[in-house]
Amino acid sequence: MGCLCSKATSEEGKVEQSETVERPLKDYSVQLIAPTPSLRDDFVTEVGGGGDGAEVSVRRSSRTASKANVGNNGSKNEDHQRGATLGLGASGRQTVMSRIVSMPHGAQGEQTAAGWPSWLTSVAGDAIKGWVPRRADSFEKLDKIGQGTYSSVYKARDLETGKIVALKKVRFVNMDPESVRFMAREIYILRRLDHPNVMKLEGLVTSRMSCSLYLVFEYMEHDLAGLAATRGIKFTEPQIKCYMQQLLRGLEYCHSRGVLHRDIKGSNLLLDNNGALKIGDFGLATFYEPDQNQALTSRVVTLWYRAPELLLGSTEYGVSIDLWSTGCILAEMYAGKPIMPGRTEVEQMHKIFKLCGSPSEEFWKKTKLPLATSFKPQQPYKRRIADTFKDVPPSALELIEKLLAIEPETRGSAASALSSEFFSTHPLPCDPSDLPKYRPSKEFDAKLRDEEKRRKADAIKGRGPESVRRGSRDTKAPSPEFNAQGEGQRNRKTTGHKYMSQRDTVSSFAMEPHGGARSNGYSHCSTMVHPSAVGSSLNKTAGSTNRPELRSQRSHMPQAAADLLSSSSKKKETLAGKESRTGYVPKNRIHCSGPLVPPGGNLEDMLKEHERQIQQAVRKARAR
Ligand SMILES: Nc1ncnc2c1ncn2[C@@H]1O[C@H](COP(=O)(O)OP(=O)(O)OP(=O)(O)O)[C@@H](O)[C@H]1O
């Protein structure tokens with residue numbers, strides 16, 4: 001789709017008002033081949049209930065005012081003002097959020113008249129219905145504060161209010177309608193959520209002639225992954241409980257609104273300086289209906305936090321997948337490091353079995369999950385959570401056991417987790433306002449610190465300007481997981497942690513990442529199914545295999561290993577065909593991000609073969 005964009009002429013620091021199509025195209029040489037949850041199908045669930053564009057359209061200072069509107073049929077006329085709504089900010093200064101105003105009859109023409117670009121109105125009309133875009137020149141860009149798979153996040157000042165905000169700039173693949181639709185789903189879902197523990201979308205920035213889109217959020221100083229990875233920061237028990245309580249409250253709310261997050265992990269849990277935790281990044285979220293057998297893609301959730309049923313290929317799942325990820329985070333906070341850092345899906349499954357035990361014979365007999373035959377171990381694995389976390393307080397252990405149950409049905413719900421003894425036993429969760437105030441500690445900050453160190457080390461080793469240059473280029477757009485390898489992580493890994501027994505320390509894999517990324521033994525793989533995900537600069541070297549998951553893996557892998565994975569992954573085409581029939585994967589796309597699971601294999605053999613191949617590829621890459 002074309003877009004008549006003139007080159008940005010804005011002053012330094014201002015958000016670009018428009019961009020040429022060519023600039024993003026350079027990064028997006030290869031089209032995504034990945035399972036993409038169908039936005040359309042999700043929309044069907046909600047459109048109609050959402051009304052005629054008359055839902056929340058004015059951001060008010062009072063949560064309750066807008067809360068009343070969420071999910072309503074658009075009958076809240078008090079929010080239907082075509083002008084400014086004034087509220088009092090914390091400082092008492094008048095806060096003007098004037099640009100998000102109501103457009104009750106959001107037909108495409110009207111949306112265009114309101115200032116939306118046609119590439120957006122044509123495929124994402126429902127997502128922007130009733131809103132008017134903010135102008136780019138009403139923000140001043142300050143710093144880059146985050147880098148996601150398909151977005152860059154900036155700290156900015158709202159010039160109308162003086163408020164500091166986060167602007168998430170979304171990347172698109174060639175303005176491909178599919179990637180626009182994908183982003184539209186995130187907006188659509190975010191607009192329906194309003195809770196103190198869920199990031200609130202405050203507005204959108206674009207213009208009729210623009211090819212870019214920014215999502216406006218309140219600014220959050222930290223994310224949990226970054227904080228946890230910061231040297232010297234060790235969470236106290238009341239603090240862990242406080243974070244967990246907020247996370248579960250946010251999740252309970254999302255689930256009650258029929259939303260699965262599907263990417264719960266530390267870097268998506270944002271924290272402000274008042275100790276508030278908010279769930280962010282709804283890029284993989286979807287609507288679900290508990291009582292309907294609705295087929296969803298199983299290729300969601302960052303690998304380390306991915307539930308076993310997803311690894312086994314389940315397409316009918318529910319809130320339990322978010323609860324699994326939550327269990328991983330709880331255990332991680334006690335362990336001081338990620339508890340199951342698998343490099344591939346096979347290895348992830350193996351780590352899960354080793355820690356949580358393998359399913360019963362009964363399960364294997366009955367299950368119809370597509371990858372069950374491949375993943376069934378020859379010998380059953382015993383559950384070892386209690387051994388592994390023997391120093392964790394009993395009420396915490398009980399909750400970890402519950403959330404990391406192999407059978408999804410026994411994980412309970414966010415509400416049941418909130419009423420567990422963990423939160424009522426002493427020490428009680430502290431009040432968010434009692435939490436320590438930290439210096440900025442985003443995953444992104446940790447990455448920058450680490451990158452700087454590496455660059456200096458390279459210079460000292462005399463690798464010369466070429467390697468330094470290459471390293472810095474590669475970090476311009478790392479995968480999000482790339483950021484997780486901060487020095488704190490490395491530090492925590494070597495020192496171990498009182499809550500996780502030493503023998504359970506996850507074995508490290510000394511791979512030198514391609515392009516000079518650091519190697520700390522943790523590859524933080526992710527399945528990112530957003531079509532725009534092909535934009536990472538890491539992919540520039542990746543030839544024609546820019547599948548999101550492979551990209552994430554290869555961000556920690558030499559090229560040869562990445563190539564190996566990509567060729568093996570072609571075996572996944574069969575499954576892709578199946579998913580596409582469910583309507584959740586575009587028909588012309590092949591489901592290629594592969595767990596290297598040959599049909600009819602067995603877990604142990606696959607693991608051995610897998611390890612051998614990776615090692616071989618690594619050796620080759622090193623010898624180059
Ligand atoms: N509101 C915010 N305030 C401050 N920083 C933020 C905010 N939202 C996001 N960030 C930072 O930007 C990073 C990337 O944002 P986000 O996760 O939304 O992007 P993404 O492209 O969806 O990433 P991912 O690839 O992890 O899915 C976050 O990890 C966080 O550090």
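Note that the numbers count up from 1, one per residue, in the order the chain is shown.
Glycine is no exception: its Cβ is also placed from the backbone N, Cα and C atoms.
What TrEMBL says about a protein is an automatic prediction, not a curated fact.
For reference, TrEMBL has these:
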| type | residues | note |
| --- | --- | --- |
| REGION | 1-20 | region 'Disordered' |
| COMPBIAS | 9-20 | compositional bias 'Basic and acidic residues' |
| REGION | 46-89 | region 'Disordered' |
| COMPBIAS | 63-75 | compositional bias 'Polar residues' |
| DOMAIN | 139-423 | domain 'Protein kinase' |
| BINDING | K168 | ATP binding site |
| REGION | 429-497 | region 'Disordered' |
| COMPBIAS | 434-476 | compositional bias 'Basic and acidic residues' |
| REGION | 533-604 | region 'Disordered' |
| COMPBIAS | 534-547 | compositional bias 'Polar residues' |
| COMPBIAS | 570-581 | compositional bias 'Basic and acidic residues' |
K168 (ATP binding site): tally of other CB atoms within 10 A of its CB: 26
Average model confidence [pLDDT] within the domain 'Protein kinase' (139-423): 94
DSSP-derived class (H/G/I helix, E/B strand, else coil) of K168 (ATP binding site): strand
